[in-house]
Amino acid sequence: MTQEFIDKVSSYLTPDVDIAPISQGAEAIVFTTTTHPYLPRAKDSHQKYIIKYRPPKRYRHPQIDQALTKHRTLNESRLLAKLYLIPGLCVPQLIACDPYNGFIWLEFLGEDLPGGHGFSNLKNFLWMHDQDPYSDLVATTLRKVGRQIGLLHWNDYCHGDLTSSNIVLVRDGARWTPHLIDFGLGSVSNLVEDKGVDLYVLERAILSTHSKHAEKYNAWIMEGFEEVYREQGAKGAKKLKEVTKRFEEVRLRGRKRSMLG
């Protein structure tokens, strides 16, 4: 990402808004800022926010590109606003949305992990605990991750890109609270296929980065997930059976694709 591009983004926001890039994906670029879109900046404030920006795609017709950017930015913003209201579900708070220019302003979550282990997403957290992978802290955190996914799915929402990098951990004393982030591919869906795919994507992400301990890690995640459904009584047990059955089918299809190359 060039300084010229950053300056161009800054010109959309006005020079008063400081930005620092932290990640770049296929659809969006994520910046941090210390500037709130509406509130005056407090002196000596260390408060940070996230700005997610969908840049124009030159390969698309400008009118089509503008329409897609507006639709996707609004869709993600509306989804986050609804998810934030679900009791027990942890997602970043939506602060502002500019769909015409492709900007979303969000609450900043997480921190740097001790010992130079990077930002506090689930992937880095598990790497940090690689010397003690089966500790109570790791098990508890992964079950909490499963509960977050369970709450998301029980309320008929799907993430669409559920990797260990899209789960941010927020410190709560000696413990950590998982938050689901980046709902650019999120959707409202009661389809067991979509839920099964979500679970499979996370399972594969854990397997690819923490292969030695992946079986136990994924089992703990599923314990938390299943707990949410079982708390809903007979209806929850029935739906859980449907989701886990489809998850197994999705997993089987994935294995067949791997074997065939």
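Cβ from N, Cα, C; glycine included.
Averaged across the domain 'Protein kinase' (16-261), pLDDT for the predicted model comes to 95. Residues or ranges marked as domain 'Protein kinase' by Swiss-Prot: 16-261.
Positions annotated as ATP binding site by Swiss-Prot, on the basis of sequence analysis: Ile22, Ser23, Gln24, Gly25, Ala26, Glu27, Ala28, Ile29, Val30, Lys43. Counted within 10 Å of its Cβ, the other Cβ atoms near Val30 (ATP binding site) come to 17, all protein chains included.
All protein chains included, Asp161 (active site, proton acceptor) registers 18 other Cβ atoms within 10 Å of its own Cβ. DSSP assigns Asp161 (active site, proton acceptor) to coil in the three-state reduction, outside any helix or strand. Here Swiss-Prot flags Asp161 as active site, proton acceptor.
Annotation note: Ser187 (phosphoserine) sits in a strand segment as assigned by DSSP. Annotated phosphoserine per Swiss-Prot: Ser187 (among others), in sequence order.
Residue environment of Ser189 (phosphoserine) contains 16 other Cβ atoms, counted within 10 Å of its Cβ in all protein chains. Look at Swiss-Prot and you will find Ser189 (among others) tagged as phosphoserine.
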Checklist entry - Since the record lists Ile22, Ala26, Ala28 as binding-site residues, which of them has the fewest other Cβ atoms within 10 Å of its Cβ? => result Ala26
Item to check | Cα-to-Cα gap, Ala26 (ATP binding site) vs Ser187 (phosphoserine), nearest whole Å | outcome: 18
Item to check | Rounded distance in angstrom between the Cα atoms of Ser189 (phosphoserine) and Asp161 (active site, proton acceptor) | outcome: 14
